[in-house]
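Following: one structure in structure tokens, then a few remarks.
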């Protein structure tokens, strides 16, 4: 019994030493890393490579203490299994022992997991649609007619309307020209009539009776000018916004894409995205796959898909993370809101590699420390300058000159009414003095 227990201890110790030596050897030797060029994961900068994957690889090497050498995959493929069970691309290089790691946006799938080791995902993604903005319309809302002006502008217009009506009412009472017999004749410009009079000007119809005094006419003309310019700005902004959204199609997701035949669509040939639609039991997804297979609307690279989407009348189906980058770099493109088939990007190692567990732990540590979020922000920074002059609501500061002219007109009108009242009072006092 003692001899047996000692033998078990010796065997266990040897296994621990053997595993530890493998990890140490992996840490000391120079690992061969295969990758593929795809913006912004891996890009050329002179004779060097840079990008999200290169930064992540450097952080992992620093944390785990290994050296590495990177080369581009020979056949330019990610990794697909043929009918004979052989793998091409980066997956094939790792399977054949030509590379120790594959560092690229490689989707974690069941088929790949059987052939190679895959770490915990370092980035989450899904499947979405990329297309041009000008071939897709959005659903109209009930209050889109208010969109030409911002909320603060509408509030300013409402205040201007009430202030103008009150000024008309005050001038109608102060100016002696508005009535000939103050004792018996009622004032026509009550507050209610002043509100109705100002509202009539906004509809370009007018509502009588009109002021007879100069002060009242100054206020009326100023308000009419304000109303004409305001309506011109409103209809101009409304027509431009309606014109930019006059596209005949409304594509929110894959159901809408499958139910139309105007826009051609496709995905990356041999990709996991294509496999998702091929293996899906969803009727809409099956129709999408059958359409792409029938029309052979596949692309050979991500850049080709983005370029075809930019040229118009083509919707590119791909990884949502990559599509977000295309939207950030190309202002004329937009990504659909729907994202399906959530999955993750992983680092590939050979089956049974002692590096697999350490890499997964290191990825989780970098995620918890916020390093992965920092790298995402760094390499997905948008270079698209938004066109604020198109389709944006007019704010108060954009038409502040109109409000300034209205305020000056109201002030002049009130001052003129006071002057008219003072002149009439002096004239009446002089007549009574001579009598």
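The backbone N, Cα and C atoms fix where each Cβ goes, glycine too.
On the 0 to 100 pLDDT scale, the model's mean across the domain 'Ionotropic glutamate receptor C-terminal' (30-382) is 85. Positions annotated as domain 'Ionotropic glutamate receptor C-terminal' by TrEMBL: 30-382.
Annotated transmembrane segment per TrEMBL: 154-176 (among others), in sequence order.
For the transmembrane segment (188-208), same-chain residues at least 6 beyond its ends with a Cβ under 8 Å from one of its own Cβ atoms are 161-162, 164-166, 168-169, 171-173, 178-179, 216, 220, 223-224, 227-228, 230-231. The transmembrane segment annotation in TrEMBL covers 188-208 (among others).
Within the chain, the transmembrane segment (214-235) has long-range Cβ neighbours (under 8 A, six or more residues past its boundaries) at 148-149, 157, 160, 164, 167-168, 171-172, 174-175, 177-178, 189, 197-198, 201-202, 204, 394, 399, 402, 405-406, 408-410, 412-417, 419-420. Per TrEMBL, transmembrane segment is recorded for 214-235 (among others).
Taken from TrEMBL, the feature site 'Crucial to convey clamshell closure to channel opening' applies to 251. Every protein chain considered, the tally of other Cβ atoms within 10 Å of the Cβ of residue 251 (site 'Crucial to convey clamshell closure to channel opening') stands at 24.
There are 13 other CB atoms within 10 A of the CB of residue 278 (site 'Interaction with the cone snail toxin Con-ikot-ikot'), with all protein chains counted. According to TrEMBL, the feature site 'Interaction with the cone snail toxin Con-ikot-ikot' maps to 278.
Its Cβ placed at the centre, residue 331 (disulfide bond) has 14 other Cβ atoms within 10 Å. The disulfide bond annotation in TrEMBL covers 331-384.
Per TrEMBL, the feature transmembrane segment maps to 401-419 (among others).
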- [ ] Express the distance between the Cα positions of residue 331 (disulfide bond) and residue 251 (site 'Crucial to convey clamshell closure to channel opening') as a whole number of Å.
- [x] 18
Open item on the list: What does the structure give for the C-alpha distance between residue 278 (site 'Interaction with the cone snail toxin Con-ikot-ikot') and residue 251 (site 'Crucial to convey clamshell closure to channel opening')? Integer Å is fine.
Closed with: 22
Task: Long-range environment of the transmembrane segment (401-419) - Cβ separation under 8 angstroms, sequence gap at least 6 - done: 156, 160, 163-164, 167, 170-171, 174-175, 213-216, 218-219, 221-223, 225-226, 229-230
